[in-house]
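Here's the structure we're looking at; comments come further down.
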C-alpha cells in the first residue's frame, strides 16, 4: 500500500496543502518547528483516527480556524481508497470513506496502516507498562477490526465496572454480569496479544543480532495474569486463570475500588543478554532494542495484512549512532513507502538515493519538491 496524495486544510501550521508522494522513499527536511512532524501526524491521524502527539483533537486545528480537514488517497492491492477526516473545535470527528459518511470512526482503522518510530518511542522500554500495551493495541487494531472491537468493548466494560466498585452498595447481580464479560472479552485480547508477542520475538531477535553485531540477544515475552509460567495462552486456559484471579482479588478490588484483573494490567517483558531491559538496559541498548522491535513490527504487519504498512520515521536519525542509522535506512526495503523527517539531508548519510525517492523542503507551513528528489 502507499499514500499517493495528502490534502490538508487548517491542520496545525498548514493553511492549505496538497502533496503527491513517491510510493517509495519520501524525505521531509528543514529547520525545526517548520511543520515536518505535523505531516507525519496528519498521516497517523488518517490511519488511526488519532494523533500520536495529543489526546485532544482540537489541538490539531490551526489557530484562528474552526475546523481541520485531512484527506488522503491510499493505493491498495484491491484498489484506491479515499479517506477524509474533519474535526472542529466544537464538533466531533467526521469520517468519509470513498465519499460515503461513516458513523463510526473505528471504520477508518485498517484502511491505511502505519508503523511510526519517533524519539518518544525510545522510552518504550523504560516507560510505564501502559506504553507497551498501547504499542500492541495499535499494531493489532490496524491488523484486525475484530481486535479493535474487543478492545473498545473491554475499555468500556472496565470503566463501568470501576464505577460500580465505587458505589456504597454494590449490585451483585450486575457485578456478576460484568465479571463474566470481563473474562470473555479480556481473554480474547490476552490470547491475541500473547500470540503477537510470540511471533514478534524471533523477528525482533534477528534484527537485534544484526544491529548489535551478534553481541547480544533480545527476547520478548507477554506478561499477563491470564498466562501462566508455561506460556500457555489458549482461550480456555486464559479464561480459567482470569476467573481465578477475580475470585482471589475480589476483596482487594472492593477495598481499592478499582478493577485489578484483566489485560489492562498486562505488560511486555524485554530481555537483552538475559537481563530485564526495562531495569538494566543502557541507553544504547534501549535504542537497539526499540529499533529492532519497530523493524519486527513492520515485518509482522506486512505478513498479517498481505502488504507492507507505511513507515514513518520522525527525526530518529539524530537519536541513532551512524551504525544504527545506516542499518535502519538499509532495512527500508523496496516496496515499503517510507517518510523520513530530518533537519539536514547530511544527517541521513545516504551515499546513493534510490530511484523512487522524493525530497521535500518544509519551511513555515509550505512544502516544496526539491529538484534533486524528482522521480
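The backbone N, Cα and C atoms fix where each Cβ goes, and this holds for glycine too.
According to Swiss-Prot, the protein has these features:
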- 30, 31, 32, 33, 34, 35, 36, 37: ATP binding site (BINDING)
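Positions of the features from Swiss-Prot, shown on the structure.
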residue: 30; record: ATP binding site; contacts (Cβ under 8 Å, 6+ apart): 36, 343, 361, 362, 363
residue: 31; record: ATP binding site; contacts (Cβ under 8 Å, 6+ apart): 343, 363
residue: 32; record: ATP binding site; contacts (Cβ under 8 Å, 6+ apart): 343
residue: 33; record: ATP binding site; contacts (Cβ under 8 Å, 6+ apart): none
residue: 34; record: ATP binding site; contacts (Cβ under 8 Å, 6+ apart): 13, 362, 363, 364, 365
residue: 35; record: ATP binding site; contacts (Cβ under 8 Å, 6+ apart): 12, 13, 14, 362, 364, 365, 367
residue: 37; record: ATP binding site; contacts (Cβ under 8 Å, 6+ apart): 53, 118, 314, 315, 341
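Excluding 30, 31, 32, 33, 34, 35, 36, 37 themselves, the residues of that chain whose CB lies within 8 A of the CB mean position for the ATP site are, in sequence, 341, 343, 362, 363. In this structure, residue 35 (ATP binding site) belongs to neither helix nor strand by DSSP; it is coil.
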